[in-house]
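Q: Below: one structure in structure tokens.
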Amino acid sequence: MDLIRDAPLGQVIRYLTGNRLLQYPEEKSGFECPSCYAHPGTEKAASRQSTTAPSLSFIDGLLEKELEEGLTELNNNLHLTRTETDRSRHELSKTNTARSALSRVGSRIALEQSKTRADLEQAFAIASESNPSTSEPVQPGRTADGTILVDWYTTDDPANPQNWSKTKKGMVTALICIYTTAVYTGSAIYTPSAEGVMHVFGVSATAASLGIALFVFAYGLGPLIFSPLSEIASIGRNPPYIITFAIFTILCVPTALADNFAGLMVLRFLQGFFGSPILATGGASLQDMFSLIKLPYILCCWAAAACIGPALGPIISGFSVAAMNWRWSLWEMLWLAAPVWLMLFAFLPETYPENILLRRARRLRKLTGNQNLKAQSEINQASRSFGDVVFEALIRPVQLIVLDPAIAYADLYIALCYAIFYSFFEVFPLVYMERYGFNAGETGLIFLSIAVGVVIAIAAYYAYLYYVVEPEIRQTGLGAPERRLIPALFSSFLVPIGLFIFAWTGDGHIHWIVSCVGIVLNMIGVFILFQCVFVYLAFSYPMFAGSLFAGNDTARSTLAAAAILFSRPMFLNLGVGPGVSLLAGLTTLCIGGIFILFFYGDKLRARSRFTAK
């Protein structure tokens, strides 16, 4: 019942029944409130006697000593620029809480709060420890003005997504992956309908391709807006997911019924935009649940769902469009999205810890009448202006790309590979329909090559994580971020090799399976490259990971949308072989950057203002 209670359906039931059904522990009559929350005086005394993790005792002792000597001296020692009393108290509470979080949870929050390499090492050291049987009470923090910071009750508190059962985590992960696949399928499911759109509305092939390009471009813009929204504690992950995907599902109907070309294109753009929240924060939802050690395995599955989604689109709609009409693919999107939305509404719980603790603080205030009980996120949110949100959402991603060469290179390389991936949707019909005589359905099956490449890449990358990375972290620590690039040194060569094979074996005289081998090799290289680069960026710039990936989403989606429009004219003018070879040559030039990052990344990080020092 906890799963349903925490899902949107459960929250609606609670609202309609005045919280009489599906109650939280704090709302039940037999609930025993921890003394540290029920009796502030007792908590204060206990707080003086409590100790934190040994690794942080020196820092906590220093903070306590400086507090006694005066807020001004404290600010100097902590290098704070704000000198007003109330703001310095806020900074003190924020510092204490961040350090405490690092000592207890190896999660995404710990990663983003890591300001130095030592913080990162500590976060992974905590994550690598395995002692699930130990349950210890968590002593809440206390600010200088007497505010008690609501926290998890115990180290194995079942409300903490990190402590959920494997079954619950697996179910939530499956829902997020299905949701991701559904949205990404929506981009390419339109591909077999492009020819019908040309005939019905009398537009060119390039104009008809806008149906894919606008969808892809829009889901690159969405993260700039929806990613910051999901980080607001009072909102959380679920409202953006449920509301926007409901709009996405409803838009499937007018899209399938559109009677003019302009309206169809606008609706496709809106579908991509409202489908983007899962693409923006799906990874963050998974990071809420899994420790930093196990997280790469899970993110790999999520990335696979994102890659396989576009490949499934033409397979799903290829035969039906040929048998029925061009609108059939758009109706199939509705039949896919509606059941997925119902599953999310009924079974997807909130995973954002800040939101969970904020709602717990509200319940405890109602139960005890103690208005000094607050979640850290409430304090942070009160001091965060609208301008701060806008800056982090719109300005920070651009700032990172412009001012840091490593980020600029990584975004360009990733965007190029992503653009080439979407150019497949334009070149496959030219190769397999015109040269091999495939119909639309059979051409759609060629996209299974992408799925095969992804599966092989996952197996290889999992083996690397399990046999190399995980033992290394447990024995010697996290190490330099550049070590995460080792697989990319090899996989980066597979990207152009696969493209060259596809370019010169798909001429209609060589068996079609040979060109498919090139696609498989290309996808193996691209998938492993993406995983390595994303992990490298997250470890190098932990404090700006959200803005960094939002900027990356926008960059790669923008170039992919452009590639959908320019690739067909390019292939028609240059020919498939030379055109694909040109793209392969560009990826060959990018290989050198991976080696530069691997051998000289430490020097680049030392000169960057954004990295963890």
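Quick reminder: no glycine exception, Cβ is built from N, Cα and C everywhere.
Unlike curated records, TrEMBL annotations are generated automatically.
Feature table excerpt (TrEMBL):
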DOMAIN    171-604  domain 'Major facilitator superfamily (MFS) profile'
TRANSMEM  171-190  transmembrane segment
TRANSMEM  196-221  transmembrane segment
TRANSMEM  241-258  transmembrane segment
TRANSMEM  264-286  transmembrane segment
TRANSMEM  298-321  transmembrane segment
TRANSMEM  333-352  transmembrane segment
TRANSMEM  406-425  transmembrane segment
TRANSMEM  445-464  transmembrane segment
TRANSMEM  485-504  transmembrane segment
TRANSMEM  510-539  transmembrane segment
TRANSMEM  582-600  transmembrane segment
Q: Taking pairs 6 or more apart in sequence, does the count of Cβ pairs under 8 Å between the transmembrane segment (196-221) and the transmembrane segment (241-258) hit 3 or more?
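A: No, since the transmembrane segment (196-221) and the transmembrane segment (241-258) share fewer than 3 Cβ pairs closer than 8 Å, they do not count as touching.
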Q: In terms of Cβ proximity under 8 Å, which residues at least six beyond the ends of the transmembrane segment (333-352) contact it?
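A: For the transmembrane segment (333-352), the sequence-distant neighbours (Cβ-Cβ under 8 Å, at least 6 residues beyond its ends) are 2-4, 6-9, 161, 168, 171-172, 175-176, 178-179, 182, 185-186, 189, 230-231, 233, 236-238, 241-242, 245-246, 248-249, 252-253, 255-256, 284-285, 288-289, 316.
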Q: Based on Cβ pairs under 8 Å, which of the stretches 264-286, 445-464, 582-600 lies most in contact with the transmembrane segment (406-425)?
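A: Result: 582-600.
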Q: Can you work out whether the transmembrane segment (264-286) touches the transmembrane segment (171-190), with the criterion being 3+ CB pairs under 8 Å where the paired residues are 6 or more apart along the chain?
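A: Taking Cβ pairs at least 6 residues apart, the transmembrane segment (171-190) and the transmembrane segment (264-286) are in contact, with 3 or more under 8 Å.
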Q: So what pLDDT does the domain 'Major facilitator superfamily (MFS) profile' (171-604) average out to?
A: 91
Q: Other than its close neighbours in sequence, what residues sit by the transmembrane segment (298-321), given a CB gap under 8 Å and a spacing of at least six beyond its ends?
A: 173, 176-178, 180-193, 196, 279, 282-283, 286-287, 289-290, 328-329, 332, 336, 421-422, 425, 428, 439-445, 447-448, 450-451, 454-455, 458, 461-462, 465, 523, 527, 530-531, 534
